[in-house]
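Engineer: Can you read through this structure? Questions will come right after.
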Amino acid sequence: MNFKITVLPGDGIGPDIIGEALEVLKLIGGKFGHSFQLTEADMGGVAIDKHGVPLPQSTIDACKGGDAVLLGAVGGPKWDTLPGHLRPEAGLLGIRAALGLYANLRPAIIYGALKEASPLKSEIISNGIDIMVIRELTGGIYFGKRGRLDTEGGEAAYDTEMYSRAEIVRIAKVGFETAMKRGRKLMSVDKANVLESSRLWRQVVEEVAKDYPEVALSHMYVDNAAMQLVRNPAQFDVILTSNIFGDILSDEASMITGSIGMLPSASLGATRLGLYEPIHGSAPDIAGQDKANPIATILSLAMMFRYSLDLPAEADAIESAVVRVLDKGFRTGDIASAGTNVVGTREMGRIIRAEL
Ligand code: NAD
Ligand code: IPM
Ligand code: MN
């Protein structure tokens, strides 16, 4: 088969990790007989430098014209003083919105070989961890009205959390459908003891639940959820939550698995076109040093095969190659532990490809 993939390397470690993922893509193409037409486009800081804006229209068009988008990461200190709408991060929010990618799937799996890399005690993770965080991605406080005001008390700033019934229904359906294919347990995380938007969230999730009687639905306040993720992460199967809570809880969940450098994501909407990116950022502290863990990006590529290209065997091949490499003791610095073999970004990519 022939596929069109739009590639957005972005900033910082973005080009380092995307380089390794693209080599995996090419290898899979040869092995399984697919051809990929790759279109590289600018987004984030690199786009600001070249085009004056973080998300040029040409990049949106390129993404819309392909079967899937593979993204590295955006942002960095160089652009931190720009006004909000001109920052690299605005480009990322812009492409998620432009493609209608309202559902962000962030699987947090602790691999057997990585138990030593988890900061949690071995008895807490002994039975393994396999959590799917489903983060609403195009609504909430990220996209609500924000601004600055002069008040009697001096300068003020505000951001608004708002969710419509329709937005909650569609993400809740993704939550229940996902739970049906897994352990049939759905934990909806909100702050309904304080926020009106969370009270509507909880009400609508309860309504959608009527169509999924086989799924055990529970609710948890986000502060408790943050604590429970560390106390007993094995209690979770699918977590369904808002944009900002999902952002924060998925970083926490990633560390339970050993490192933020391990967690992939898929951003999906109403069509097959999805965007695939690691959940971590551009890690300016290690950019260009051959230190970044490319596994989150390589696993994001696997998610691309599964969700946008409908090629599960190719996805399985990538995922099991990663597991075997970890089993053999190869580690980037972020997941290293005593007795393991520490390698750089490029070497990790090469070893995963050799395993394929
Ligand atoms: P970050 O995720 O970039 O880094 C946090 C810490 O994790 C750093 O110590 C970093 O070295 C480490 N880390 C991250 N990815 C790693 C990897 N693959 N391998 C090894 N270590 C890794 O978060 P931050 O420092 O808060 O943000 C840096 C920049 O990235 C900011 O501009 C932020 O806005 C941006 N950001 C972008 C995305 C994205 O593009 N999706 C996500 C998060 C943050
Ligand atoms: C992520 C990032 C982004 C987010 C930022 C960079 C806009 O943290 O993808 O998790 O908050 O969604
Ligand atoms: Mn984040």
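For all residues, glycine too, the Cβ spot is worked out from N, Cα and C.
Unlike curated entries, TrEMBL annotations are predicted automatically.
Pasting the relevant annotations from TrEMBL:
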- 76-89, 281-293: NAD(+) binding site (BINDING)
- ARG96, ARG106, ARG135, ASP223: substrate binding site (BINDING)
- ASP223, ASP247, ASP251: Mg(2+) binding site (BINDING)
- 4-352: domain 'Isopropylmalate dehydrogenase-like' (DOMAIN)
- TYR142: site 'Important for catalysis' (SITE)
- LYS191: site 'Important for catalysis' (SITE)
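Describe each of these features in terms of where it is and what it packs against.
Structural biologist: Non-local contacts of GLY76 (NAD(+) binding site) by the CB criterion (under 8 A, 6+ apart in sequence, same chain) comprise ASP11, GLY12, GLY45, PRO88, SER282, PRO284, ALA287.
DSSP assigns ASP223 (substrate binding site) to a helix.
All protein chains shown were included, and the count of other CB atoms within 10 Å of the CB of ASP223 (substrate binding site) stands at 13.
Following the DSSP three-state reduction, the secondary structure of TYR142 (site 'Important for catalysis') is helix. Within the same chain, the residues at least 6 positions away from TYR142 (site 'Important for catalysis') whose Cβ sits under 8 Å from its Cβ are LEU93, ASN243, ILE244, listed in sequence order.
Taken residue by residue with DSSP, LYS191 (site 'Important for catalysis') is part of neither helix nor strand, so it is coil.
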Engineer: Other residues with Cβ within 8 Å of the Cβ centroid of ASP223, ASP247, ASP251 at the Mg(2+) site?
Structural biologist: VAL222, ALA226, ILE244, PHE245, GLY246, ILE248, LEU249, SER250, GLU252
Engineer: Please tell me which one of the recorded positions listed here (ASP80, GLY84, LYS191, ASP251) sits closest to ARG135 (substrate binding site), measuring Cα to Cα?
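Structural biologist: So, of the listed recorded positions, the one sitting closest to ARG135 (substrate binding site) is ASP251.
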Engineer: Around ligand 2, within a Cβ distance of under 6 Å, which of the binding-site residues PRO88, ARG96, ASP247, ASP251, ALA287 show up?
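Structural biologist: Listed by sequence, the hits are ASP247.
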Engineer: Among GLY84, PRO88, the binding-site residues in question, whose Cβ has the most other Cβ atoms within 10 Å in this structure?
Structural biologist: PRO88
